Amino acid sequence: MTSLLFLTLALLSFSSTIFSQPCMTNRFPNQKTFAACDDLPVLDSTLHWNYIPSSGKVEIAYRKSGLSGSRSSWIGWAINPTSTGMVGSQALIALQRSDGRVSAYTSPLTSYGTQLQEGNLSLSVFDISASYENDEMFIFATLQLPYNATVVNQVWQEGKVSGDVPAMHELSGPNLWSFGTIDFLSGKVEESKRDSRATMKNVHGIINAVSWGFLMPLGAIIARHVKVFEAADPAWFYLHVTCQFSGYLVGVVGWGTGLWLGAKSAGIEYSGHRCIGRTIFALATIQALVGGFLRPKKEHEYRVFWNVFHYAFGYATIGLGVFNVYKGLDILEPGKFWRDAYTGIIVSLGCVAVVLEAFTWYVVLRRKSQSSEKNLEQQTSGSTVVSPEESV
């Protein structure tokens, strides 16, 4: 009696666990059923499967939800027998064409620059098919698991279709976290650890936003507006140099992280962001060398040319720096809060600059007026009055 009660409770516990999973309520167009499933952590995707121990095969159904019927899309699910990333994955691809037809094929991924061309996999695949229904796309297939292993690395992905050809998927956010491991026997699924490149991208963005996008503009505001206060001379100059030099040093670190990301992301390019970054670094380096070692004295005849160069290179660096920070935000897609926060900082600096600019002109014009009055008084007091005796 005790054994029967224990067995009943165990079965109830198992069935409640199974039916508590949201994915167990899913239905398929071909009415096929699966014994196990898992709602994958990102990209609104679910994997269903039947594992067949006697043959080492697994029947899978990969489901992608939330697609827009107005745009053609592709989805993919893959096993990677050799590593945890994308390269080396043996992929099943479903493609929705411009006429609405859906096709499925296999594609081995040998590089980050893959075009998802059709090709044979290193593992056997049977009965691959795909379907689209109610803004959901499905891939069905039977796979021979490599080395009869039940624990495998999985990768899943999605993207848009251009001219009936798969286009590059997004290179930020959830699209960089869509991999992990799965045990087809126990049903255990482990999420991937964040890619070191994703962490470095965030570090790269923060460093460059602080250097080119904040310290450099702040240093320019100090040089332009604080020096008008006579009491701030020469403190304004040292504050200006401190901001600019600190910004440059931090920017060098940011530039280095950009080079590291480029080296670690073969086939992934942000050409506009990269070219602007290189231009900023070149301008800032020239500015540091010329401004630090070739600055003529104020009374020197070439000082006016140096001033023109200094202003032109400085404001070009600042303008490109702020613009490239926004380019980086478009790439990272960190969320509305971070974009709004940086915009708030830039707007605040701009408002401070406008107020100080108005005050600077007021001070300069007032000093000119006072100087003119003083000169007039000196001319009046210095004029000679000729006496009648001297005129004889």
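Sequential numbering from 1, following the chain as shown.
Glycine residues also receive a Cβ, built from the backbone N, Cα and C atoms like all the rest.
According to TrEMBL:
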{"type": "BINDING", "residues": "H204, H240, H273, H310", "note": "heme b binding site"}
{"type": "DOMAIN", "residues": "43-159", "note": "domain 'DOMON'"}
{"type": "DOMAIN", "residues": "165-365", "note": "domain 'Cytochrome b561'"}
{"type": "SIGNAL", "residues": "1-20", "note": "signal peptide"}
{"type": "TRANSMEM", "residues": "203-223", "note": "transmembrane segment"}
{"type": "TRANSMEM", "residues": "235-256", "note": "transmembrane segment"}
{"type": "TRANSMEM", "residues": "306-326", "note": "transmembrane segment"}
{"type": "TRANSMEM", "residues": "341-364", "note": "transmembrane segment"}
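Maximum C-alpha to C-alpha distance over the listed heme b-binding residues H204, H240, H273, H310 is 27 Å. The stretch in 235-256, 306-326, 341-364 that contributes the largest number of Cβ pairs under 8 Å to the transmembrane segment (203-223) is 235-256. Highest local Cβ density among the binding-site residues H204, H240, H273, H310 belongs to H204, counted as other Cβ atoms within 10 Å over all protein chains shown.
Taken as a whole, the domain 'Cytochrome b561' (165-365) shows an average pLDDT of 85 in this prediction. Across the domain 'DOMON' (43-159), DSSP helix (H, G, I), strand (E, B) and coil residues number 3 helix, 65 strand, 49 coil. Proximity of distant same-chain residues to the transmembrane segment (235-256), defined by a Cβ-Cβ separation under 8 Å and at least 6 residues beyond the stretch ends, is recorded for 204, 207-208, 210-212, 214-216, 218-219, 222-223, 226-227, 229, 277, 280-281, 284-285, 288.
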